[in-house]
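Feature annotations, reproduced from TrEMBL:
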- 20-40: transmembrane segment (TRANSMEM)
- 60-78: transmembrane segment (TRANSMEM)
- 98-120: transmembrane segment (TRANSMEM)
- 265-286: transmembrane segment (TRANSMEM)
Amino acid sequence: MAVLKVKFTKTKRDKLAQILWILNWVSVVSGIILFSLGLFLKIEIKKRSEVMAKGDINSVPNMLISVGVVACIINFLGGKICYDCSDANKFSRWKLVMLPYIVCTFCFTFCILVGALMCYTMRNELEESLYLGLRDAIKFYKDTDIPGRCFLKKTVDLLQIGFHCCGNNGFRDWFEIQWVSARYLNMASKDVLDRLKSNVDGKFLVDGVPFSCCNPSSPRPCIQYQLTNNSAHYNYDFLTEELNIWVKGCREALLDYYTAIMRSIGIAALLIWLFELSVLIGVRYLQTAMKNVLLLGDLEGESDGWLLENSFVETAKYNISIIKNLGKANQISTVSSLNDPNIDVQNTNCGKTNDVTKSIPAAR
């Protein structure tokens, strides 16, 4: 029994073909939107690739870009097919193409759904990439004279100023590394030498943060050194957390920023998926209705259209049987030749007729 069978008159078939022609052109625009969203996300990730570890974080924008390009191509072809389907004579030349086109469109529509869901599952990979990337960027913050790392100081400073953040997890991350370059240390100072000797690794560690961690909206001058020393500053208590530096970590700030972008892109991709699915259903109805018109032979009469010719269970069993039987046609049978009359059939006359040999009479 057909699933969701609908009866179509010639007028309804023509209107359906015209509506689908318009919707396919709208789908071309939706493909351009998907492409643009993927490109935008890729550019945003590329902007801060210096503070991200290499990983699969580009899989989502690459998926959206690819799906957007395929959407433009498929929907452009679909618009042409639907426009010709208003005429039964023109439909005959697309009859063999319609079913493969619907299958390809279904796979492409499924890819849109996958891309939308990936926007919501990318958070863990992005968080790990940001954690490792920011950790290395802060570690090499002082290496302004080393090729390949000289840009990291500027990158981290602009990041902390722009996103109102400090450190990887927080401002205390700067207490654990030597972020002041050795070229700016006064080796003649007893305090500097004592601090270097007191550390097992010989690092110059301070309870301070770079200037880019300062909050410019604070009513008092920025306190970026001796943050844990209350006696070094007037009316100051670092335990109250009322510091005039950014307290939020850059990993959390960037994660919130990219999560908001991907959530918006995911919602847009889901809406496009629903729209493409409705177009696909309409094309399927049009294909089955026009096919039945040709079978009936009455181009002006009514015809049935459906989503599936048989029930879901029967359709699933049929497709599973096709998959199981794939390749069996090329297998060589090991059964004895007695069971197959087409194997080992001896024919020594090479197609000649078995004429009876006439005997020659002996001479007397």
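Easy rule for this one: first residue shown is 1, then count along the chain.
For all residues, glycine too, the Cβ spot is worked out from N, Cα and C.
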Query raised in the report: Out of 60-78, 98-120, 265-286, which stretch has the largest tally of CB pairs under 8 angstroms to the transmembrane segment (20-40)?
Result: 60-78
Requested in this report: Take the transmembrane segment (60-78) and find every residue of the same chain, 6 or more past its ends, with a Cβ under 8 Å from one of its Cβ atoms.
Outcome: 20, 24-25, 27-28, 30-39, 41-42, 45, 101, 104-105, 108, 111-112, 114-115, 118-119, 122, 262, 265, 269, 276, 279, 283
